[in-house]
Amino acid sequence: MTELLFNKRLQVLVKSKDTDERRSVIRVSIELQLPSSPVHRKDLVVRLTDDTDLYFLYNLIISEEDFQSLKVQQGLLIDFTSFPQKFIDLLEQCICEQDKESPRFLLQLSSSSSAFDHSPSNLNIVETNAFKHLTHLSLKLLPGSDTDIKKYLASCLSSVKEEKQQLQQKLRKTEEDLTRQLNYAQQTLSEKSRELDKLRSEWTSQTTSLSSRHMQDLTAEREKALETQSRLQQQNEQLRQELESSHHRSTQQLQTKVSELETANRELIDKKYKSDSTIRDLKAKLTSLEEECQRSKQQVLSLRRENSALDSECHEKERLLNQLQTRVAVLEQEIKDKDQLVLRTKEVLEATQQQKNSVEGNAESKQLQISKLESTVKSLSEELIKANGIIKKLQADLKALLGKIKVKNSVTVPQEKILQETSDKLQRQQRELQDTQQRLSLKEEEAAKLKEQLEATVQKLDESREVLKTNENVITWLNKQLNENQLSRKQETVAMFETPAAALRSAAVPHNMAFPITSTINSKYPLALSCVSSGSRSVLTSSNGPKVQFNPMSVKPSAAEVSPAAFSQPANKENSEPVGLDSKYFERRDDSIPLRGLLPSMHLNREVPKPLNTAAAKATPSAFFPG
């Protein structure tokens, strides 16, 4: 039995005797032959093949005895059991490094002959470092004989046949699956087509029934819309007047607030300018004081340096004076000694004079000694006089230095006082500057808050103006829709009921007829819809059709007139489109502005009809209620 451990393609550097080096891709396979009986041992088989050249075959069988000799020859440190895994690890490193320009691990196949015919070749695993090419392992492979090549080709052929059989079996299975799926899809398609035919027939029947039912519902809804139209108009007029008055009051209040805020802002700006000017003055004073302080500090430093130099000179003079005083003391001691010696010599002289008669021979020598001593005494007295003169000069210099030091101290003391006063003034100015800066920051915060309030009020005012503009646009659009609906209803009634009585009734349309206007506007500040009013803001004017004129307070006066000829469209009789307002304008929304008293009155009017409206409908003929 054999166990395949490694089978991969690697780039190999091929070397021969008389040819250049080249790189080729060679398949390296490592197999472990397991023994059939416990007596035999395991063998490791290394095989080199080329997928493009089927006759390229090199084999190497390594037994445990061969590995021991290989271990001794190449200095290996592993056993036979761990050798295959280490060999595979080296090959994996060669695979990782083979795509690089300068691979660290390289697989070499070298032959001693000029071509790879039937001579053995060496397979080397070489590591390239900065010092040398290090060969980790070198295996001597033998070329395969004819029988080996035939066995290898036979094994390749058998493996190819097995793969072919497996692929054929997979192909049969896939064909069977696809045919089964195709049959199932065809069956489902036929079933779905039958269901589709049934659904089409049902749909045609349902559409016919729904169209007839829809026509009946449309006629009923038209009648209800005409009833609610006249009822809602009066409520909308009242609501519009209330909303306009509230808008007028709110705009006046906002304008007064804006004027107050502007005056406060101007006062704050004036205060800010004044504080800025005071800050500039204080800063200028501060800079001047700082400059004076710097100058005084520099003067103090220079005076301190001069004082230190004078102190050092004074110390040197005192040291010299002490040295001279010690020398004078020594000389005085010597003079005293000499005086004592002179006294002694006088005594000796007296004794000698007394002994003159007895010692005449030694008189000359004694006189010589006396003359010598007198000369030494004279020299000592002269030196003493010179030392006294030097001491007097040093004392005079010391007095002059002490006077200079006193003058310097008298100059530096007032300068230090001035410096202390300037530093105190500077500290006071800094404290005042900090206080003014704090007051300025408070004023700036107050100004920022007032600016924010002003911006908020201006923003609210702009938004209210935008809402008023949108309300105006909605009113104009609704009036256009109502005009178009009325014209289409007129055309339908004229086409369906064209009789003399109907003509008389269509001629007697009231001119002061009003139209319902409802709207829900989603905005950040919900404001009521400004609808059409009577008087200067009347909804309806002369006979050509309903016209709307809306003049809010915050917008420039503009008249939005809508003529029925410009926006009239022919009624779609085939589809029977509903005429009047869309149902979305009658729906209740959570974010809408509630119309005061509208919904309860609508509910009551649905339950109990008003006698005034019915009487008016019966008394006055109208184009909306023919016949």
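Residue numbering: from 1, along the chain as shown.
From the backbone N, Cα and C atoms, a Cβ is placed for every residue, glycine too.
Annotated by Swiss-Prot as region 'Disordered', the relevant range among 119-144, 457-482, 561-586 is 561-586. Confidence for the domain 'PISA' (39-91), expressed as mean pLDDT, is 89. Summarised by DSSP class, the composition of the compositional bias 'Basic and acidic residues' (214-226) is 13 helix, 0 strand, 0 coil.
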